[in-house]
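The feature active site, proton acceptor is assigned by TrEMBL to 295. Here TrEMBL flags 297 as active site, nucleophile. Summarising the annotation, TrEMBL assigns GTP binding site to 218, 219, 220, 221, 222, 239, 261, 262, 263, 283, 318, 323. What TrEMBL lists as Zn(2+) binding site is 223, 234, 236. Under the heading domain 'GTP cyclohydrolase II', TrEMBL lists 177-339.
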Ligand SMILES: Nc1nc2c(ncn2[C@@H]2O[C@H](COP(=O)(O)OP(=O)(O)OP(=O)(O)O)[C@@H](O)[C@H]2O)c(=O)[nH]1
Ligand SMILES: [Zn+2]
């Protein structure tokens, strides 16, 4: 039906539903499952899941399982069985590491083995895509389709959804307009919108860069705390301003502002990571305790924007070798790496050292 949502639109709905604490149905050949994001699940909805008859499990990533000392039999994830007396506070405490040190005796945990954990993996991916904690309550049921119809839940065909979520959504150039800046009056802002209803990304073009030569370029990931508030915990604000200043001085350049806050985990999760850092964990350990990988960004979209703007080769302002690799793999030549070492403070020295030691940053 032309008026019905397609898969990408259903996924956008599912993300919104999960953020509000609504269940989502996941469909496969044997029926499917109903999921709730652990972070937004409420008591009456947990009771509703239990009333379906199956045994709910709490799916967590293998990273989170390692902190919880729960066995992960399913590769990248573990299915933790809910004790009969587990209430919603138990769910939140297992999913969220904020009180791990204060109340370390959450377990021991029994995890499911055998069977297919494909729906659970999708449930975690959906929670991540909704920028929530990467954990979900999941109950498998045979009549998931019928339940979705009666309870008016968003229903996602699981296999097709997993395929679609591997790929990067196509981006559409929506508009560009003149934007005089302190570093250069010849500024333009371009807005790109993904077709999957996700975050918009921006490109700031300085001057009229020659499309036939390598362009001075920066792929900057959003950092509300550093870019806007002047946080001393990272180097993002000074890097943003230094990159624009160099483009202004050279008279040409392109800065991509990618809305991938917190290396792709979202601001709320980044602030959770900051709280863990105050408990003594470094930036990578904090991500892992939350259940995330070190870096959840998708740099392919940077390459896609550059290509849409007609750029084939860049002088990339970065210290991060992963950005260079991804540019090259996505078909954008990196003619030169331009180091961008600014903004070291006593408060971010350990953070920068961790990036060099664990993430391979070049300084
Ligand atoms: N999860 C998490 N994200 C952080 C932390 N500190 C900063 N960030 C995020 O890290 C990202 C830094 O982005 P960039 O400066 O573009 O990337 P980079 O990997 O440091 O690479 P270059 O600056 O190009 O060398 C931003 O999205 C910040 O919000 C942290 O402690 N935890
Ligand atoms: Zn930052």
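Along the chain as shown, the residues are counted starting at 1.
Backbone N, Cα and C define each Cβ position, glycine as well.
Worth saying up front: this structure is predicted, and the values here are computed from it rather than measured.
Everything TrEMBL records as a feature, shown here on the structure.
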residue	record	DSSP class
218	GTP binding site	strand
223	Zn(2+) binding site	coil
234	Zn(2+) binding site	coil
263	GTP binding site	helix
295	active site, proton acceptor	coil
318	GTP binding site	coil
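For residue 223 (Zn(2+) binding site) paired with residue 261 (GTP binding site), the C-alpha to C-alpha distance reads 5 Å.
Of all residue pairs in the GTP-binding list (218, 219, 220, 221, 222, 239, 261, 262, 263, 283, 318, 323), the one with the greatest Cα separation is 23 Å apart. You'll find the Cα of residue 261 (GTP binding site) roughly 11 Å from the Cα of residue 295 (active site, proton acceptor).
Within its own chain, residue 318 (GTP binding site) has 218, 219, 324, 337, 338, 340 as residues 6 or more apart in sequence whose C-beta sits under 8 angstroms from its own.
Ligand 2 lies under 6 Å from the Cβ of the following recorded positions, listed in sequence order from 220, 223, 234, 236, 263, 297: 223, 234, 236. In sequence order, 263, 264, 322, 359 are the residues near residue 295 (active site, proton acceptor), counting only same-chain partners six or more apart with C-beta under 8 A. Residue 222 (GTP binding site) has 236 as its nearest neighbour among the recorded positions 234, 236, 297, going by CA to CA distance. Checked against ligand 1, the recorded positions 218, 295, 297 give no residue with a Cβ less than 6 Å away from one of its atoms.
A simple way to gauge crowding: the CB of residue 223 (Zn(2+) binding site) has 23 other CB atoms within 10 angstroms, across all the protein chains here.
Spatial neighbours are here defined as Cα atoms within 10 angstroms of one another, and by that definition the neighbours of residue 220 (GTP binding site) among the recorded positions 234, 236, 297 are 236. For residue 297 (active site, nucleophile), the number of other Cβ atoms no farther than 10 Å from its own Cβ, over all displayed protein chains, is 21.
Neighbouring residues of the recorded Zn(2+) site, listed in sequence order and excluding 223, 234, 236, comprise 221, 225, 226, 227, 231, 233, 235, 237, 239 (Cβ within 8 Å of the Cβ centroid).
Neighbours of residue 234 (Zn(2+) binding site), defined as other CB atoms within 10 A of its CB across all chains, total 22. When the binding-site residues 218, 220, 263 are scored by other C-beta atoms within 10 Å, 218 scores highest. Counting only the Cα atoms, the space from residue 236 (Zn(2+) binding site) to the residue listed as 'active site, nucleophile' is about 16 angstrom.
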